[in-house]
């Protein structure tokens, strides 16, 4: 059979080609890239769906069991019962104050009926999570006779809320003012214990204290008065619960909502996520302080890491005499990149906080001791620690970048009578800037995702104030801060109600990814412009 | 070593130049007078030391680290350029250099030309404009680029880039231009343009050109030096070297018997 002979020869030839030309290698690379892409995509999709799905106002199901009890809640998922073939559903029943657990597994074979009554109401509350139930009646001393429904007194509740937040803002302002006077007094007393101005300050403080007391009692009074506007609700089983309006963040009727209404609700929730403070030990509400904290942290880190890394690399590559010493430093730098980040954290605690921060306190704020000012964790020290941690990345990238500038170009500059420094500043650094930028991007992503060192250098679960605000000097880098990465750890693993916090974990992860993506895309945009400018043919 | 006695006014006198790369000697007691406002070609086989010698003339060898030098190179005012009080930066402003591979900076054409002035602290717009026009005109490039001075120099053709490098060197106002195989990466047409330019610049600048191309040496140069194994074998008028070399090695090389 000549044809099959030639076919065989052809196959043999192809097989030979496959091995000799390394085609198997191409397949192998393709597979590995595909695998990596698949994993990254899966992660993104899982995080996105779980994260963004958390805010959708899903319907509330009224579930009646055969034995008579009823539950009201959002059906979260369906799965098989552990020891039988029957299905079971997980229901978010909310009402943590009544049931103490806000999730419940219900076996489907025990269910008599599932209905979606129109009139069920869902409340987002300031504490105890969501409430699902039925509105019974509303009470308010100012209620017009005959009016009913939550909408009728919602305005009164809003007024009370505004009033209360105004009062507490005044309280906070007064407290801050008193604190600054107290610090001034401390300072004065430290420098000159006999100063005649001390008595004056004491008097001011005492007067302010009186005002403060009256403000406190006014606030307490208002809080008590606000309780007068309340609504009576009943849960699925008929248990009644009075909830003051000021404790209700938002109410809605999920089973009556049209699609546009749901979309609107969703948009508001997303807005709150970005721009409001967290509630209920971070498991609800917004992530604004954590977003701000993360961004400020990475920016401050850049100011430590980038100059340090670039200057070190320039010295090593351009000025230092080539030899054992430079080689040793290079090896050391590469090894630094492998140190566990928690060790950096400990170093940051010892060096920055205790040594540098303690030194600053002893030198500039001795009157406040033993209360530390800089001698405790804060954005500055956390970002300095991260800066050191990422310096190796910047050094390695910058060295490579400088090495990639052709020597002809350097010689061209030197031959025109430029000094080495001029050559560096005018030709070498601009030409290597795109590659240096690549190093920055890597360093930034690494820093944004790092959590362990932050935990001992100043990150907190809940920061009372942002590290940036409208009071001079605007940047308060000594302050403690919140961070998205730490938020994930805290909410996901340290929270008392892990199940309820799960959506927040996904949302926070998504946000962290988003923030990193945003910052790196901006840097990549900058890098591409530089690349065009310094290697391309157009400007 | 024979002393080359030729009648001209030298701009640079090289005396007893030895050069070592680490411990390996690359130049052996080179003596040469470089004639003022003439074109001097340096020829010889690869690795004969002609480029190394050229780089000695503006101390570019200093940048290579492990190079040590003995001997003297005197400028026409009598200063030794390797004197330790001599500033190599200052020297390089007087002795410009064009490299084998054109090396424009990734800047605009304009900024490339004024680079030497800017680093010297000249920032007056009018002066710079004048220098740009005169230098580019000298480098026979003005007409081709005058409408796109603000575009990147990297968009020019290979020959234009090399002429831009010449303009850039000329802009600093040097006395001497060193050219290290300036045409070896160019096509014949661009080569012809550069050669025309060299003839054009002759008389205003002293030019020392290293070339592999003996036709080029005979076309553009007034004097030719033949290097072999680190030694200057023969140095004379180009016509003399190419028609009636005194040395057997020179003759063998020129007639193509080796190298």
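The backbone N, Cα and C atoms fix where each Cβ goes, and this holds for glycine too.
Remember, TrEMBL labels are computer predictions, not curated facts.
Owing to the predicted nature of the structure, the values given are computational and were not obtained by experimental measurement.
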### Query
Looking at the ranges A:358-377, A:378-397, A:398-417, which is given as transmembrane segment in TrEMBL?
A:378-397
### Message
Need the matching range: TrEMBL marks transmembrane segment on one of A:247-267, A:436-456, A:457-477, and I'd like to know which.
### Response
A:436-456
### Query
Who are the chain neighbours of the transmembrane segment (A:378-397) in space, where the CB to CB distance is under 8 Å and they lie at least 6 residues beyond its ends?
293, 296-298, 300-306, 308-310, 312-313, 316, 333-334, 336-337, 339, 341, 344-345, 347-348, 352-353, 356-357, 435-436, 438-440, 442-444, 446-447, 450, 453-454, 457-459, 467, 476-481
